[in-house]
Amino acid sequence: MKELAGKIKLTEKEISDYIDEANETLDRAYVPYSKFPVAALLIDQNGKKFKGVNVENASYGVGICAERNVIPTAVTEGMKKIKLLVVTGGTPEPISPCGACRQFISEFSDKDTVIILTNRDKKYKIWSIDELLPYSFGPEDL
Ligand code: THU
């Protein structure tokens, strides 16, 4: 059992299964231009699961990242807080989310949110949102 200080507890098997599921979703990424698939698996405050991939467009700038694809879907279904987010890519190392996605994730995260960054080889590292986006701008700054 991995004890994630004050956060959800995940067994190695659960981590491994979530990573497998995220990796299985990678093939659904629509990436004809970059050929750089990304997939995100999100568990909300009620344990409800959502998945998203990056979806590109012939008008390149219109494409959307996997993280910013899954979060609006989850919000539409009642997600208030991200309990767990797994992000994976066809990268040699665990994927690194872009800055825009870090900001987007931050809106629905707190100190207990567990973020697992991984890749097809299941190499992974667990992060908090504060580690990924320190000194962030949030609703309390408005
Ligand atoms: N991409 C994501 O989906 N998430 C990230 O955090 C990094 C980048 C996508 C956008 C684009 O479709 C492709 O990866 C290459 O940048």
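Backbone N, Cα and C atoms are what each Cβ position is placed from, and that goes for glycine too.
Classification of E67 (active site, proton donor) by DSSP places it within a helix. Annotated active site, proton donor per TrEMBL: E67, in sequence order.
Just so you know, the Cβ of N54 (substrate binding site) picks up 24 other Cβ atoms within 10 Å once every protein chain is counted. According to TrEMBL, the substrate binding site annotation covers N54, V55, E56, N57, A58, S59, Y60.
All protein chains considered, the CB of C98 (Zn(2+) binding site) has 13 other CB atoms within 10 Å. Per TrEMBL, Zn(2+) binding site is recorded for C65, C98, C101.
Per TrEMBL, the feature coiled coil maps to 1-28.
TrEMBL lists 13-140 with the feature domain 'CMP/dCMP-type deaminase'. Over the domain 'CMP/dCMP-type deaminase' (13-140), the average per-residue pLDDT in this prediction is 98.
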(request) Other Cβ atoms within 10 Å is the metric here; tell me which of the recorded positions E56, E67 scores highest. (result) E67
(message) Checking proximity to ligand 1 here: which binding-site residues out of V55, E56, S59, Y60, C98, C101 have their Cβ closer than 6 Å to it?
(response) E56, C98, C101
